[in-house]
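Here is what TrEMBL records for this protein:
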TRANSMEM  C:6-29  transmembrane segment
TRANSMEM  C:36-54  transmembrane segment
TRANSMEM  C:60-78  transmembrane segment
TRANSMEM  C:90-109  transmembrane segment
TRANSMEM  C:137-159  transmembrane segment
TRANSMEM  C:189-209  transmembrane segment
TRANSMEM  C:221-247  transmembrane segment
TRANSMEM  C:259-276  transmembrane segment
Amino acid sequence: MNALLEVDAIDVAYADFRALHGISLTVAEGETLAVIGANGAGKSTLLKTVAGLLRPVAGQIRFDGHDVSRTPAHQRVRQGIALTPEGRRIFGSLTVEENLKVGAHGRRQGPWNLATVYDAFPLLAEKRSRRGAHLSGGEQQATAIGRALMSNPRLLLLDEVSLGLAPVVIADIYKALPTITAKGTTVLVVEQDLTQALTVADRVQCLLEGRTVLEGAAADVTRKQVQAAYFGVDATEGQEDE
Amino acid sequence: MSAPTTLTPMSSATDLKVVRGGWPSLAGGGVLAAIVVFLAAAPWFVFSPGDVTNLVTLFALIILGTTWNLMAGYGGLVSIGQQAFIGAGGYGVIKLADVVGLPIPVAVLAAGVVCALLALPTSFLLFRLVGGYFAIGTWVVAEVFKLVTQELPGFGGGSGLSLTAFQGVDRVTRIATVYYLALVLAVAVVLATYLLMRSRVGLGLTAIRDDSVAAASLGVAVRRSQRLVYVAASGGAGLAGALIAVNGLRVSPGSMFSVQYTAFMIFIVVIGGLGTIEGPILGAVIFFALQQLLDAYGTWYLIALGAIAIAVVLLAPRGLWGLAARGRYEIFPLGHRVHPPRQ
Amino acid sequence: MDWINAVLQGFLLGGQYALLACGLSLIFGVMRIVNLAHGVLAVAAAYLALWLVQQTGMPSFLTIVVVVPVLAAVGYAIQRGLFNPALRHGELSPLLVSFGLAVIGANLLQEIFTADSRKISIGDLSTSAVDLGGLRLGVFSLITLVVAVAVIVGLQLYLSHTRIGRAMRATKDDPEAATLMGIDERHMYALATAIAIGTVALAGVFLGMSTQFSPTYGDLVLIFAFEAVIIGGLGSLWGTLLGGLVLGVAQTVGAQIDPAYGVLAGHLVFLVVLLLRPQGLLPKAVVA
Ligand SMILES: Nc1ncnc2c1ncn2[C@@H]1O[C@H](COP(=O)(O)OP(=O)(O)OP(=O)(O)O)[C@@H](O)[C@H]1O
Ligand SMILES: [Mg+2]
């Protein structure tokens, strides 16, 4: 399988605070990667950098073999990178349907349109003319994902889909993920919810204070390893080489 | 050793020295003081009466720049209508001197007070508008002031009023009175602004200046400080207007309530350096010098000023003082600076 | 009868104010920028139309076809070149930049066209009127009112139902999220300004055909447009229309009392609205 996204030793900083130190990762076409880590580990920073909202101070980001490190965010969307940002960031004064239509602003062709998005998220169909500001958290999250899908991305970046949602709602939203990957979309999820992350992902990569501390196939890593890496405590198991 | 205050923080008492000012402010303050002394002595042996009259304009510009900066640079209030109070101060001083019969210096001060009092009720109307809409709102108020002044009986309609209180006073005494009054007031306004900004009100305003989240959560307190700043700055504009009137000996609605004054204030503050005490003084001197040199070019001069102001906003938002001092020197230190321990 | 006439004339005048104001409302609605060069741009449009008539002998109304696109392009350039960079330095900077522009514009106009008052000739149209049982309604004023309503309806429809209109509203809600939708924020802002200045240009040509104007006339235009926006309610184009009408009526009724009080009466109505109903008469209806 060829690599769709290659992040090559990037450093990212906010003013003089360095949030990512030499992070590398690869996502193959069609696979689902979960990036996990404690609060402040740098997960959102990583996704924002891939989406183009932040520029790395060092390192390179390649998408489908091309260097996109200097490409502005709005053009990366047109090349097929879509981010569902942390906190959802729904357009409050626009209706659900308008939010979705704005998602299609770049007019990329592909399997996703209003009909298929409503199929994947049936709860949105009923709320199509409600304003974004008047939606529940789950409805907002579904709108945010649907909106990203409307750009027909090759790579979908999901930042903490489960944040602040009840377990049933989370399950409801994650139910759509197989539909999404089945259409050939590559997915990079950021999750705090370990169980959820390990279930949906093919591979996991764990960040701690801006560095990668663990990576492997979701089936191979043990919960204990993940927990150790997550909190940065004694990580002897599986990490002997470091 | 009195100007740089040295504080010792509670916790790390031994390592860090927190200093306000330091030698640059002592030196700068010394230079400024020397300039003031020179200006005080100069009329007697350097300047011609024409120069002296011109310098009064400079002092008025310093007052206008300083007070506009107090609002915009510290209070976050951009007014394009301070000509309301320039005009009110100008008309006010003539009425107070000619009709009430106050001595000129008292009348000038009283005109400033009247303007501050006028600004208080005005603020309750205008503070319902924020940002740019506040700005245009102040202009509407200035237009109302102008139109009402034109209509009021005894204010001379469209042609205005002349000051008669100086009649019978010889020219030299008159010019000297106005000159010293303007010099003293300019120095007083700058110092008062500095002290205000060092007070609790000022420190609070500076602290929230760049932090809109904090500003929103402190809503009421901020509003109160802004109102104080607006009223004080309007009093200052009134003083400047009064000086302009007693210097020029006549006022008319078209000139005293002209939005041109706002243009001058904005140029002075933006070019000199928004949000510093030094900036408006520097800006006023530059503006005054350019005005003396380029006045003959009329509109081109204003076009150039507009272009320079835009360039400064975009390329050097801290103004010329900011460029020159690069944040390291303050003649009027507001912030405290932490010095690492000496090795 | 005089009073009814004053009110009617005020309505017609209000059409002109609404037309002048909707661009101000749009720019503020989308970008939170208060464009102090608004009035100068309207007057510049009037001068450009006058120049075209004088140089080419073009019929007055036809100048719109040239003036509106030219000023829209100027608006686009101002946004890209000046306002967008200024926005990075905070809210104060665009305001100061627009003030600088206003000063430059007014003085340039004075340099080129002198300070004399001018008017764009529209021949008989300026005097023709329809008789309505003793009340005379100027045909040109009626046209202006109709154009104002059409522009506002058109803008509203454009913002609600087109791809670009939606993108503009999304950018207004959350610029960063909008870039994640493939929207180029800077281009979108520039388009909004181009449209706004295009409407200002249209308003300016109409202004020039109905009134004597001079380089400094932009000051009054800005103030009146601003009053219309605030009276109507910030961020609502229908409100702006209503605000324009209220302002127009206030001015003509004031002038009926005493010709010197027209403008003052408008200001006072504005201040009263600010005092009693600071959110405006029709706040935040549908858009922007
Ligand atoms: N805008 C910002 N300015 C300065 N520092 C920031 C900013 N955003 C994030 N940081 C810092 O960068 C580091 C990484 O933040 P980031 O948001 O990427 O973490 P995260 O892994 O997504 O955390 P969470 O799970 O809480 O969302 C944190 O230390 C955070 O404080
Ligand atoms: Mg995060």
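Each residue, glycine too, has its Cβ placed from N, Cα and C.
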Ask   = Is the number of Cβ-Cβ pairs under 8 Å between the transmembrane segment (C:90-109) and the transmembrane segment (C:36-54) three or more, considering only pairs separated by 6 or more positions?
value = yes
Task = For the transmembrane segment (C:137-159) and the transmembrane segment (C:60-78), decide whether they are in contact, meaning at least 3 CB pairs lie under 8 A, counting pairs 6 or more apart in sequence.
result = no
Ask   = In the same chain, which residue numbers or ranges, 6 or more beyond the ends of the transmembrane segment (C:60-78), come under 8 angstroms Cβ to Cβ?
value = 37, 41, 44-45, 48-49, 52-53, 101, 120-122, 190-191, 193-198, 200-202, 204-205, 209
Inquiry  = Do any residues, 6 or more residues outside the transmembrane segment (C:259-276), come within under 8 Å Cβ-to-Cβ of it, and if so which ones?
reply    = 220, 224, 227, 230-231, 246-247, 250-253
Key: Residues from the same chain, set at least six apart from the ends of the transmembrane segment (C:6-29), whose C-beta lies under 8 A from its own   = 35, 38, 42, 135, 137-138, 141-142, 144-149, 151-152, 155, 172, 192-193, 195-200, 202-204, 206-207, 210, 221-222, 224-229, 232, 234-237, 239-241, 243-253, 255-256, 287-288
